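Everything below concerns the one structure shown next.
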Amino acid sequence: IAKEVAKLLEMKAQLGGDEGKHKFVLKTPKGTRDYSPKQMAIRERVFNAIISCFKRHGAEVIDTPVFELKETLTGKYGEDSKLIYDLKDQGGELLSLRYDLTVPFARYLAMNKITNIKRYHIAKVYRRDNPAMTRGRYREFYQCDFDIAGQFDPMIPDAECLKIVHEILTDLQLGDFLIKVNDRRILDGMFAVCGVPDPKFRSICSSVDKLDKMAWEEVRSEMVAEKELSPEAADRIGDYVRLQGGLELIEQLLQDPKLSQNKQAKEGLGDMKLLFEYLTLFGITGKIRFDLSLARGLDYYTGVIYEAVLLQQERQPGEEPLGVGSVAGGGRYDGLVGMFDPKGRRVPCVGVSIGIERIFSILEQRLEASEEKIRTTETQVLVASAQKKLLEERLKLVSELWDAGIK
């Protein structure tokens with residue numbers, strides 16, 4: 001007995017049971033979570049809807065490593081670079097966990113000399129962000145990406161990406177949504193005519209990107225106080241970023257005395273007009289708005305950018321309104337593949353990323369409120385007997401059923 005007691009005491013000490021030692025709390029790391037069978041069932045349902053849409057549009061699937069060489073990700077994300085997780089391999093190789101699926105995709109295209117592909121990729125990505133779990137913001141989360149790489153007639157792939165967002169959000173019945181569209185060239189042209197110095201474009205762009213979360217006054221003071229932009233330039237930007245609309249706004253801006261003189265803005269507006277013509281053919285312009293305040297912080301966008309937001313939720317009685325914000329985003333990034341190619345060969349690309357975690361938080365909350373039962377298994381048959389002795393017969397029967405493909 002003494003031996004056994006000694007063994008147990010040793011185990012207790014190892015498990016940190018000693019009062020003197022610091023107690024170890026069992027929990028997942030900050031910004032991560034486990035998924036229960038019930039949550040996985042909801043997740044599978046959503047993935048299936050998204051994948052069937054991607055396949056309907058003729059996409060192939062690829063996969064890339066969870067970690068990349070640090071230099072692969074360096075310099076691709078602008079101000080967001082500080083959110084990348086860095087790893088150090090025991091052999092001294094510098095690695096980083098992937099921040100999104102777009103940069104690894106561009107690396108894959110350059111490495112394999114692929115100039116034409118329509119692909120989707122669903123996988124986890126990692127960001128050292130401040131997590132807001134209730135709003136579906138995590139440090140480890142899934143992204144569902146669809147991208148079209150290759151030379152096509154202008155705006156055709158861009159219009160298809162917007163059609164995909166429209167199809168998926170309609171399919172998942174998340175409530176009313178709006179897809180905001182802008183163009184990096186229109187933004188850059190706007191900054192130029194407003195008097196923003198060239199080197200400040202990107203940092204001012206990341207300020208404009210905050211307009212969905214902050215009031216214009218706060219964004220303006222950030223531009224003037226922190227980023228040292230002249231108050232006059234900030235006010236001129238303010239006049240533009242408040243504009244939103246459809247084809248009529250595009251026509252109005254094409255006549256704008258300042259913007260129409262800027263080559264980049266003029267090109268962007270011409271393409272935006274074409275995009276809206278295609279979206280009209282697809283019959284989806286009702287949910288799409290040209291919005292000059294949309295900036296999307298990532299450095300690699302070169303043309304059209306878009307973001308889908310949910311408007312107020314269709315709420316069941318007793319359900320809290322959920323501030324969920326953006327559920328999909330994307331744009332055109334024609335220069336990214338060239339950054340990896342030794343000869344700088346460009347492969348035009350446009351893509352969309354579905355914000356799956358936000359969608360899960362809405363559906364989970366909705367199912368909690370509705371108390372709908374969710375099946376977590378697909379069992380069809382239970383093999384039981386009134387007698388305890390018939391174990392062998394039951395095992396035989398179960399085996400036959402399994403072999404016949406019955407669950």
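The chain as shown is numbered from 1 upward.
Glycine is no exception: its Cβ is also placed from the backbone N, Cα and C atoms.
Taken from TrEMBL as is:
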DOMAIN    31-363  domain 'Aminoacyl-transfer RNA synthetases class-II family profile'
BINDING   D100, L101, T102, R127, Q143, D147, R296, Y300, Y301  L-histidine binding site
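The binding residues for L-histidine are recorded as D100, L101, T102, R127, Q143, D147, R296, Y300, Y301; their greatest pairwise CA distance is 21 Å. Of all Cβ atoms in the shown protein chains, 19 besides its own fall within 10 Å of the Cβ of D100 (L-histidine binding site). Counting Cβ atoms from all protein chains shown, Y301 (L-histidine binding site) has 25 others lying within 10 Å of its own Cβ. In the structure as shown, the Cβ atom of Q143 (L-histidine binding site) sits within 10 Å of 19 other Cβ atoms. The binding-site residues under consideration are T102, R296. Their Cβ neighbour counts within 10 Å are lowest for R296.
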